[in-house]
Every structure is written in C-alpha cells, then in structure tokens.
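Q: Reproduced below are the annotations present in TrEMBL:
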- 180: active site, proton acceptor (ACT_SITE)
- 188, 191, 215, 218: Zn(2+) binding site (BINDING)
- 50-325: domain 'Deacetylase sirtuin-type' (DOMAIN)
C-alpha cells in the first residue's frame, strides 16, 4: 500500500484535469487528439480475437473449479455503453463536446470546469437533465460484469463512465469504482457537505427549468458527484486500485487508455496475470501491453486482444463459460 500511495501522488496532481491527461482537442482549442470511441465491431474477428475468448474462458473456468472468490478485475470505458445509445465525450462530430453550441461556452470543456461552474452553473444544470441516468438499458457487457459478480469471480469493476449502468445491470454498488464519479451522490462545492441525491435530481430535472440546488449547511452550490476539472478523483479509486495487483484476469473493455490516471491501471497487474483487451482497436502499447496471438502456450499469462465490440466479447465468453446464449 505505501508504494501505491507514493506512486499515486503524481496522479493526484494530474488526475482531476482530464484535459491535461489527454482529453483535449475540442473545436480546435487544443492540440491533443481525442480518443476514438470504442463502439462498433469488426465484421470478421481476427484469430487472436477467438483466442482471447478462449483464454478468458479458460481462466474463468479455472477460478470456478478452484472455487476461488474474486480474481477478476474489469476496467470499463465508453465503448461498454456504446450499444446503449449513449454518446461519448470526445469523438469528433458525434461526441458530447462537439455538440454543446447551444450553451454558448467559452470552450467546450468549460461545462465540466469547476471554476466556470462557480461563475455560471446554468449550462451544466441544463445538460444534467440529459445526462441523468434513466431510460437507458445496460448493455451485454454490463450484464456480463454482473454475471461475474453473481458467480463470485469479480474482485472489482473500475469504470470511467458516469452513466451508472453497472449497477443498473445488477452489479452491487460496493463492487463499482466510478473513477470519474457519477450521479449517485451529490455534495456542496464549498463545504463538501453531502446532499440528498433525490432532492438534487428533483431540482435539476423537474419543472420547466432546472433549479440550482443549494447546500443546507452553508448555502453553497450543490452539484452531482461527477468529477469536474479542478476536482480530485474519489479517494476510493486510489484506495482500491492496488487490488489489481492480485487479480488473475484483467479485462479492459471499451477504453482508449489515454485518460490518466485510469489509463495506468493495467500497469498494476502482475506479470502472472492475463490481461485481455476487448476493444475496436489495439491500445495501451505505450503502457507496456504486448499483445500476442496465443497465450495458451504460456499458461494463459500475458496480453491478448479481442478486436471488436465489447458486447460480442461478453456474449462469447458467457456462452463458453456459463452456457448462456443470451445476455
């Protein structure tokens, strides 16, 4: 634990600024590239994709045979929610940041900037109506993670997403680490006092126009628990990240692995674990992921990739391990 705390310190400086960590590139205001959305599947999975399913299934079956509790950690990005119809933040043309013209922002990311929110919370409060969870069904990938938990195979699910679809799929809240926060909590931006989430939702989502929730303790502005630029990531993220060191299987699904500190989580995995990427394209090579076509010769240790839709990966593994033809 102490070594993780030391290693995490630089993350704490950079982590609150998704922009500084590689999330910029909106409307020509920044030079860094946007992460591509991991959404659609390839028409014909590669041989390594088939082997990724087989290798994942072999490890899961071993854990079941050993009656091991835990052993699997899942990292979820925007691609895991793509089939639910939710837009991501960064894809040029279709991402959220490219479609905020009606809010008259000085720059697109201002809508999630804490200092801008202090001056003018109305744009975010209006957007919050559209972002609040509800009416969107979890994807097969979300249900697969919940299935792992049902069979006591899951150690933890770390997610970059703010849609809370993990718990909507039945996953216990205690198993989810929302690295960038979500709408499940709310607090005052001045004194930090927690607020009732249902009352905050009511203020923002009911009536003709959203009303600014205020703190009953100090009168400051209350906002949902989404991590803004200028805010620290949840303490729980740093406290539970070391669990990855003990996992036998790390599933990395639908993420570009460009937004830190989340992107560095795969580096915590033991050399004796299997790291499986389920994504439309290969990512993470700069982090040390070295993909091979077959890990079976190495006792299912190493890095392998399923190039395609996260739902397709989830369904294939669920069929192989649990005999489920539909998730």
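A Cβ is built for glycine as well, from the same backbone N, Cα and C atoms used for every other residue.
Since this is a predicted model, take the numbers as computed values, not measurements.
How buried are the listed features, and what sits near them?
A: Around residue 180 (active site, proton acceptor), a 10 Å sphere centred on its CB holds 23 further CB atoms from the protein chains shown.
Long-range Cβ neighbours of residue 188 (Zn(2+) binding site) (same chain, at least 6 residues apart, Cβ-Cβ under 8 Å): 195, 215, 217, 218, 220, 221, 222. Classification of residue 188 (Zn(2+) binding site) by DSSP places it within a strand.
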Q: For each of 191, 215, count the other CB atoms within 10 A of its CB; which of these binding-site residues has the top count?
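A: Compared across 191, 215, the most Cβ atoms within 10 Å surround 215.
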Q: DSSP on residue 218 (Zn(2+) binding site), three-state: which is it?
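A: The three-state answer is coil.
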Q: DSSP on residue 180 (active site, proton acceptor), three-state: which is it?
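A: Assignment for residue 180 (active site, proton acceptor) reads coil.
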Q: What's the number of neighbouring CB atoms sitting within 10 A of the CB on residue 218 (Zn(2+) binding site)?
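A: Taking all protein chains shown, residue 218 (Zn(2+) binding site) has 12 Cβ neighbours within 10 Å.
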Q: Summarise the model's confidence over the domain 'Deacetylase sirtuin-type' (50-325) as a mean pLDDT value.
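A: PLDDT averaged over the stretch: 94.
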